[in-house]
Amino acid sequence: MSQQQPRRPKPDHSRDQEPIKYSDVFSVTGELASKPIAPQDAAAMQSAETRVLGQTRKSGPAAVMESAAAANERAGLVRHDQANVTGDEGVTVTKTNAGGEAWITEAVEGQVVGQYIQPEVPAVNNPSVTPDPITVGEALETAALSAADKAVELTDVAAIQAAERRATGINETLPGGVAAEAQCAATRNARTMRFEDKTTLSDVLSDATTMLPRDKAVTPEDADRVVAAELRNNPYMSTAPGGVAASMAAAARLNQNSTT
C-alpha cells in the first residue's frame, strides 16, 4: 500500500498583508497611527455622526472608516467584534456654532480626523425682509473675497467643479469655465515655488458669475455636494475657512432663512 502524502497547509496570505491603519487614511500621530481600523471603531463613528448630523456623511470619516474596516475584516486581519479605539475620548463628533456657522469636528482618541461646515443649518424666521437668493456664482465670488490670498489647490478645484456642475446642471467641466481655470491655476501653482507668484482664489473666482453660462440659487443640497467634494480631496478631511465650501454653506443658510 502506498503511503498517503501529507497535505501542504494552504498559505495564509493574511500574515503577509498589512491592515489599513489610521495613519493610512487620516493625518494622525502617536499610538493611534499604528492601530488597524476595526469594525466596531467604524460603527462607533457612524453612530456618533448619525446622532449629531442625523445621517452618516458620504465621504466623511465614518464612511472612510467603514470601508477600511470592511477591507481589514475581509482579509482576516481584524475580527467583526473588534474595537481598537478605547478610553474616554474614543470617537467623538461635536457641533460648534461660530460666527453664525455650524462647524462639525470629528475626532478619534482626541485627534481630529475631519472638520467642516454643516450646510443644513436650521432656519430663522425673519418676515420683515425677503432678499434675493444668493446664487452659486455669487457664493464663489464671496470666496474670492473671504479667502482672497489662498493659493488654488486641487481641493479647491474639486469644490469649484462641484459648484459649477450644480449651477449649470452639466455633469462635466466646461472648457473655458471657472472650474477649468481653477484646474489650470492648481497645475501652475504645483510648479511654482514662491507663494507670491501663485494664483489665488481671488484671481480665479472674482468674475465667477459671468463665467457661468447658467446660475441658480444655492440650496442646502448644493452646499452639501460642494462640502463633500472639498472634504474628499483634502488629506486632512477639512474645509478651508472662508473657502468655496464655507461660502456655499453660508449662502445656503441665508437662502434657507430668507424663504421661511
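Keep in mind that glycine also has a Cβ here, set from the backbone N, Cα and C atoms.
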Open item on the list: Of the ranges 37-61, 87-111, 187-211, which one does TrEMBL flag as region 'Disordered'?
Closed with: 37-61
Task: Secondary structure content of the domain 'SMP' (20-75), with strand meaning DSSP E or B - done: 37 helix, 2 strand, 17 coil
Task: Outside the region 'Disordered' (37-61), six or more residues from its ends: residues with CB under 8 Å to it - done: 19-22, 25-26, 68-70, 72-73, 78-85, 90-95, 104, 106, 108, 113-114, 118, 228, 231-232, 237
